Structure formats: C-alpha cells, structure tokens
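**Q** Below are the structure tokens for one structure; questions will follow.
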Amino acid sequence: MSAAGRRGLIVAIDGPSGAGKSTITKLLADRLGYIHIDTGAMFRTVALAASRAGIAPDNDASLAGLCADLEIAFVRNNGCCRVTANGEDVTDAIRTPAISALTSAISARKVVRDVLLRLQRHMAREGGVILEGRDIGTVVFPDADVKFFLSASVEERGRRRYLELKAKGQEVSLDETIAAVARRDEQDSGREHAPLRRADDAVDIDSTGLSIEEVLDRMESIVRERERATPGA
C-alpha cells in the first residue's frame with residue numbers, strides 16, 4: 001500500500017522476554033493513537049489451545065489443523081485491549097508460567113510461525129500499528145518505518161516478571177523467575193526459525209533503571225520525528 005493510502009506508520013518493537021514490550025507498546029499505541037498488535041499474545045494463544053487439546057509442540061500436522069480452526073482477535077473492552085480465541089477472552093489464561101514455558105517451543109515451529117505471519121501482515125496492512133515480539137523488525141516487517149530493540153538486564157527482567165506473577169497471586173521465587181527468563185533467552189536466541197535478533201537498523205532502548213515514562217518519551221519522540229518526515233503518515 002502506498003504511503004498516501006495508509007493511516008500511519010508501521011512500528012516494530014522487538015526484544016527479549018520480560019523487557020516490558022507489551023506494557024510499553026500498549027502505552028505508546030495509546031499516545032500515538034495506533035493499534036497494538038501483540039504478536040507474543042498470538043503465540044501464547046496457540047500454546048494455550050495446544051495445551052487444552054493435548055497437542056505436543058513438535059506435532060506439526062496437529063498444530064497446522066489447530067491454527068486453521070483458531071480465530072485470534074484483539075478487542076477493546078473498557079479501554080483495555082483483550083485477546084480472544086474463537087470468541088473466548090483468553091487474556092489472563094495465556095499469561096501463566098506453564099503457558100509461558102510452552103510458548104517458546106510452540107513459537108519455534110515453522111508451521112505456526114507461517115500462519116501467524118500471514119495474519120500479522122494482514123492486520124497491519126493499512127499502517128497506524130505497533131507490533132511487538134522477537135522478530136518483527138527482522139522477519140515480519142523488515143521494512144517497518146520505525147524499529148526498536150527494547151531490552152533490560154536479565155536480573156531486571158526477572159524481577160519485573162516476579163512482581164507481575166506475585167501480583168496475580170502466583171507462588172513463585174525471584175531466583176527461579178530470573179532463571180526462567182535466562183532459559184527463555186537461550187531458547188529464543190538459539191531456535192532454528194526466526195531466532196531473537198536485533199535488526200541492523202533498530203534503535204536500541206535499554207530500559208534498565210529507567211521509568212516507563214522515560215522510555216515512552218524517548219520512543220514517542222523518535223516516532224513523531226519519523227511521522228513528520230513521512231508523507232501521508
């Protein structure tokens with residue numbers, strides 16, 4: 001689609017697990033008036049559906065059939081973005097430690113990635129969107145208008161995840177949560193298909209020790225500058 005026919009830019013935010021991508025992307029989308037497409041939530045939704053159906057993460061034939069029958073959508077409810085699977089709100093169900101662990105294995109399967117890749121590109125075709133994940137700027141939208149690589153130290157990311165899980169009433173330890181984040185990094189960086197990798201033209205944002213507002217201010221400034229330089233955006 002030409003720039004003149006678009007509603008805005010395509011913004012890609014990549015980074016490791018626990019870097020705060022979902023929180024930052026949602027808030028940045030609100031500031032910009034863009035749509036937030038949470039690609040990580042899409043993989044988590046497939047993982048949840050596979051878990052419920054008893055499908056092993058290496059059973060490509062069954063995963064293909066599962067994806068074909070799975071309708072994933074993002075809807076706004078009272079100002080909050082919710083994830084649905086075939087009409088069921090699964091926003092909270094996809095955020096458990098068990099589903100988090102399964103998601104890394106599921107997201108490594110090419111059959112799953114291919115289906116979700118087509119869906120993500122379809123959702124973002126008219127621009128005015130922010131997508132976050134681990135390979136948005138390298139695989140899904142290598143020509144995205146703005147690319148960010150959002151990161152933080154393993155300890156910082158583990159601490160954030162620990163506090164998030166505790167707030168939900170889950171019994172976890174800080175050391176175990178940090179170790180789980182480190183394992184996820186290793187899995188995501190070493191997988192065969194679309195491993196976690198920083199795009200060469202991405203802007204690095206290290207959020208260690210920074211407030212959410214500080215991170216948002218910097219990222220919004222970069223996007224606004226690109227908007228002014230892009231006709232039709």
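Cβ from N, Cα, C; glycine included.
Pulled these from Swiss-Prot:
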- G15, P16, S17, G18, A19, G20, K21, S22, T23: ATP binding site (BINDING)
- 183-201: compositional bias 'Basic and acidic residues' (COMPBIAS)
- 183-202: region 'Disordered' (REGION)
**Q** Which are the residues of the chain, G15, P16, S17, G18, A19, G20, K21, S22, T23 excluded, whose CB is within 8 A of where the CB atoms of the ATP site average out, their centroid?
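**A** Not counting the recorded site residues, we get I24, E132, L150, A152, R157.
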**Q** For T23 (ATP binding site), just give me the three-state DSSP call.
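**A** Going by the DSSP assignment, T23 (ATP binding site) falls within a helical segment, counted as helix.
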